[in-house]
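Trainee: Relevant sequence annotations retrieved from TrEMBL are reproduced here:
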BINDING   Gly71, Phe76, Val122, Glu123, Arg136  S-adenosyl-L-methionine binding site
Amino acid sequence: MDLILKYFPNLTEDQIDKFSKLSALYQDWNLKINVVSRKDIDELYLRHVLHSLAIAKVISFKDGTKIMDVGTGGGFPGVPLAILFPECHFHLVDSIGKKLKVVNEVVAGLKLDNVETTNSRVEEINDDYYDFIISRAVAAMPTFVHWIKGKIAKDQNHDLKNGILYLKGGDLSAELQDYKTAKIYPISAFFDEAFYDTKKVVHLPIKYRG
Ligand SMILES: C[S@@+](CC[C@H](N)C(=O)[O-])C[C@H]1O[C@@H](n2cnc3c(N)ncnc32)[C@H](O)[C@@H]1O
């Protein structure tokens with residue numbers, strides 16, 4: 001928890017309480033349904049919680065922003081960001097039901113009322129628009145862009161254009177060569193820990209298609 005306060009010192013009591021509870025909730029649920037590896041559970045705040053929050057160093061979501069987390073798995077990056085931005089709406093989607101069972105239990109345990117979950121492939125969700133689509137470790141960019149086509153909202157409310165905010169690692173030059181508007185933000189610019197040395201937030205603006 002100190003790690004979170006190191007980079008986000010202005011949290012409310014309620015946010016501190018929710019972030020603190022994540023450890024026990026994931027330890028407990030991970031014993032029943034394994035969604036996070038053993039090593040990662042021991043380093044939950046470094047490898048999952050703070051990593052998810054790197055997106056908040058690139059953008060501060062305004063109240064009322066609608067965000068979809070595609071392939072959320074155990075709830076990353078969606079759950080930590082939903083704690084940080086309680087006035088934004090988060091839709092967490094995963095095609096594997098047992099992963100969402102853990103997410104639903106964590107969301108209920110924290111009384112996070114700004115989170116909705118859906119057990120589905122994202123390609124099958126076509127009834128809403130989102131300002132931003134966030135993700136980590138789900139698909140290469142071309143596949144991902146194809147999946148989320150038609151899901152981006154028209155109205156722009158942030159300096160950063162509506163689109164994708166993806167947590168990625170390593171050399172992205174080949175993967176992003178066809179996306180000239182993609183901007184890469186190295187997480188090492190925000191966080192000191194060696195874990196983030198090769199990690200990035202990628203922002204890719206996506207046009208509204210009504
Ligand atoms: C490697 S896990 C990453 C989970 C989480 N984002 C994280 O970083 O901890 C990839 C997740 O994407 C989900 N997934 C893959 N393709 C998907 C699709 N087309 N629609 C929804 N979820 C998908 C999988 O079920 C899996 O839970």
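Yeah, the Cβs are placed from backbone N, Cα and C, and that goes for glycine too.
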Trainee: According to DSSP, does Arg136 (S-adenosyl-L-methionine binding site) fall in a helix, a strand, or coil?
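Mentor: Strand, per DSSP.
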Trainee: I'd like the Cβ neighbour count for Val122 (S-adenosyl-L-methionine binding site), meaning other Cβ atoms within 10 Å of its Cβ, all protein chains included.
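Mentor: Result for Val122 (S-adenosyl-L-methionine binding site): 23 neighbouring Cβ atoms inside 10 Å.
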Trainee: Could you check the binding-site residues Gly71, Phe76, Glu123, Arg136 and say which one's CB has the fewest neighbouring CB atoms inside 10 Å?
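Mentor: Ranked by other Cβ atoms within 10 Å, the binding-site residues Gly71, Phe76, Glu123, Arg136 bottom out at Glu123.
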Trainee: So, three-state DSSP: helix, strand or coil for Phe76 (S-adenosyl-L-methionine binding site)?
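Mentor: In three-state terms, Phe76 (S-adenosyl-L-methionine binding site) counts as coil.
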Trainee: Reduced to three states, what secondary structure does DSSP give Glu123 (S-adenosyl-L-methionine binding site)?
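Mentor: Reduced to three states, the DSSP call for Glu123 (S-adenosyl-L-methionine binding site) is helix.
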